[in-house]
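Residues or ranges marked as transmembrane segment by TrEMBL: A:20-41, A:61-82, A:103-132, A:144-167, A:174-192, A:212-233.
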Amino acid sequence: MMWRALSADWLKIRGKGIWFLAFLGPLGLIAMQGLNFGLRYDYLRGQYREDLWGGLLSEVVPFVPIALYLGGTLICSLIANVEHQTSAWKQLLALPVSRTAVFMAKLLLCLLLLIVSCLLLSAGTVVLGLLLGFGAQPIPLADVLRIGFAAYAAAMPVIALQLWLSLSSRNQTLPVSVGLTLSLVSPFGVYFTEWMPLSWPVLAWSDPRPWLFSGAGLLLGLLVILPGAIHFARKDVD
Amino acid sequence: MKDTVIETKNLLKEYRGRAAVKNLNLNITKGEIYGFLGPNGAGKTTTIRMLLGLIKPTSGSIEIFGKELRANRMQILRKVGSLVESPSYYGHLSAWDNLEAIRRILGVPKVRIAEVLEIVSLTGEETRPVKGFSLGMKQRLGIAAALLGSPELLILDEPTNGLDPSGIQEIRSLIKRLPGEQGITVLVSSHLLSEIEQMAGTVGIIREGQMVYQDTIAHLQQQAAGHLRLALSEPETALMTAVRRGCGGELQEGRLVLPRMSDARVSLLVKELVEEGHAIYRVEEHRQSLEEFFLQVVGGGEL
């Protein structure tokens, strides 16, 4: 039943600029690094000559957590807005489909869109590296995939929270403000404590035990999804 | 024994201690058009949202198709089509895609889309984005969406609200066709008596969250009793005669106004007045219009 709801959602987000956003994020990051390397090519190439790919990844990676938080916030809000805009909830939820299925379909849609973004980021990084002539050195495929997906898993609590907030109220000011604030604060998270979930996407790359933080993110994400889904299933639809 | 499609018992919904709907007992029979009537804010939409499981009653029970709603929500909703208040649609999608999004959840064959578009006469408009539709077209699309799953029960909340006269006419004739052609039971709400009067067989009137009247339209029309007006030469003494005969009555603009009574009593009274020497110029029966009666009911008057 969730798949039915997902297939309906797939159709509904057409032409809402959501796909555009999912493409814009990673391609923007790559374009920025293209500019960075293009302007300082000789300097950076000299700097990273031992490990050119590693150097490129280390330049891309600082922007990934904040991009994920921002992208997640906006995608959740846009997906929720498709239903909020013409108060389509009362039509959708009066259909023979369980509320949990509707909630999970929206979550899955949001996660799928972000997966596409992460894949594009990895693919874009490889293309950029090859364009910059790093092809002589072997491509570290595992690390290339890790720049997006390690942070993606670690960002799960915030994404789940954003979806919950966005679906809860028609007014998107609160969820978007919360999302923006979290995104902007996140780079400073590492200065506090590693127990702060906000810093996990950064630590999922830079910490000596990166998997710990990706895993913790997935786990806490599940814990946030649960009350979100229960609240959504019980609330009155106005 | 008639088949009951919707039955609610002592339905109560409170918002912050204020009852939006209280002690509501709805009874809707299979194959009828039930008009749910009441002024704005009387609790019609709240009731309908409860019937669709969109909001939870504070207390009381709802049975649809003889099954408890909460426990059998999915099974029941599979046989229910609904249109609640303002039309719900996805403006950026075409009419066809709007219905397709719902079809994917219902899992009905694709041919149903063309069929329901035909029923609401939107064929030919299906590729245009819905945001460019007129309100009437959006409302018709909403009805098409409600019909998509071939429901046995159709719940329409204010389907004609905000439409122009021709749009109202169109929706009305569409609704009237449904029970006959497809054997559908229809619950239609409105704040306009004239609307309900032209569509429904049974009417339920709700005021301040409480059902104040539930019976057939024909019975309602009978209830809307009239009164008798007599124009005569000496109304004051005639009034005393009428009061003495136990007819009650009062003087209005120099005329004797009497409550409705049987033909026999009217003839007796008139005969007596004539014998007393009154010159009777006119005996008129003034029937209260249904509209006045309705206003009296929703305005707090007793039945």
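Counting starts with 1 at the first residue shown.
Positions of Cβ are set from backbone N, Cα and C atoms, glycine also.
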TODO: Tell me, please, if the transmembrane segment (A:174-192) and the transmembrane segment (A:20-41) are in contact, taking contact as 3+ Cβ pairs under 8 Å between residues separated by 6 or more positions?
DONE: no
Task: Top partner of the transmembrane segment (A:103-132) among A:20-41, A:61-82, A:144-167, A:212-233 - counted as Cβ pairs under 8 Å - done: A:20-41
Task: Chain residues outside the transmembrane segment (A:144-167) and at least six past its termini with a C-beta under 8 angstroms from it - done: 26, 53, 57, 60-61, 64-65, 68-69, 72-73, 76-77, 79-81, 103, 106-107, 110-111, 114-115, 117-119, 121-122, 125-126, 174-175, 178-179, 182, 197-198, 200-205, 210, 213-218, 220-225, 227-228, 231-232
